[in-house]
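Take a look at the following structure, please.
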Amino acid sequence: RMASPALLMRVVASAYSVAEKAATIVRNVMSAGDLGIVEKAGPNDLQTKADRLVQMSICASLARKFPKVTIIGEEELPAEDVTEDLIEDSHCEEILKKPCPDQYTGIKEEELVIWVDPLDGTKEYTEGLLDHVTILIGIAYRGKAIAGVINQPYYNYEAGADAVLGRTIWGVLGIGAFGFQLTEAPAGKHIIVTTRSHSSTLVNECISALNPDTVIRVGGAGNKIIQLIEGKASAYVFASPGCKKWDTCAPEAILHAVGGKITDIRGNPFQYNKEVKHMNSAGVLATLRNYDYYASLIPNTVKQSLVP
């Protein structure tokens, strides 16, 4: 009889199914028509009924299966009993069949931290830019993002009525990333993907220093990492605070699993232990390939303006 799968693989397999359940909730809230929008810090910092229900669903489902794991979600929600219809108990068998990388086989529940962004790209969701929206579940060990799940609830939504909506991308360091076609950006082209709704003088100064051929402005950190791994952009550059640990943990694990790199604008790696502050206050620089090229072009004035 085979040994039971390592904890990490069980967590990822559950997170996969939990993310698919979350996508159904996101689509149901949208089709019911009442988004229940609340402003948090301002008009660009919104929370909807989908953010709230999805966070409750993800956190309660994972906490029930893995009670000693630390789970940190974006939304501050009142403690309330989660109704059974929000609980997802299943897991992805395919993931359990993959052998766990040796360095992660001995992990215990209390050593894992899960960072959850229930709806990354909330502003875009409220504006109907549905392909920008992702659900992010990132798994960290010893402060490092080691596995992640990104669900796009509206992937394919422009492909017509019969199209299957949504997809789930997952990855583990040492195994790889799955659920999409890894593609490199066109050689010799400098295509920068950056923020859509959080622009500033500094953000734009940094981008022009990279002398891009094209700048793509889209919502959501998860969405931007997908642009990199599908070859639609060569670098993701955001010279501003504002991005948080739950925005980058899952995307980082998937990007690193396929040989890419993400840091802050100064080149420092992100830390994901449970005590860490939530803000990535020195911005984001990420690429699938040629990280050093883009890092070398970031102006010192920009680096000095952003304090980690």
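Yeah, the Cβs are placed from backbone N, Cα and C, and that goes for glycine too.
Features from TrEMBL:
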type	residues	note
BINDING	E74, D117, L119, D120, D247	Mg(2+) binding site
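Map the listed features onto the structure and describe their local environment.
In the structure as shown, the Cβ atom of D117 (Mg(2+) binding site) sits within 10 Å of 31 other Cβ atoms.
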Beyond the listed site residues E74, D117, L119, D120, D247, identify every same-chain residue whose Cβ lies within 8 Å of the center of their Cβ atoms for the Mg(2+) site.
D51, V116, P118, G121, T122, T134, I135, L136, G220, A221, G222, K244, W246
Identify, among the binding-site residues E74, D120, the residue whose Cβ has the fewest other Cβ atoms within 10 Å in this structure.
E74
What's the number of neighbouring CB atoms sitting within 10 A of the CB on L119 (Mg(2+) binding site)?
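Step by step: centre on the Cβ of L119 (Mg(2+) binding site), count other Cβ atoms within 10 Å, giving 31.
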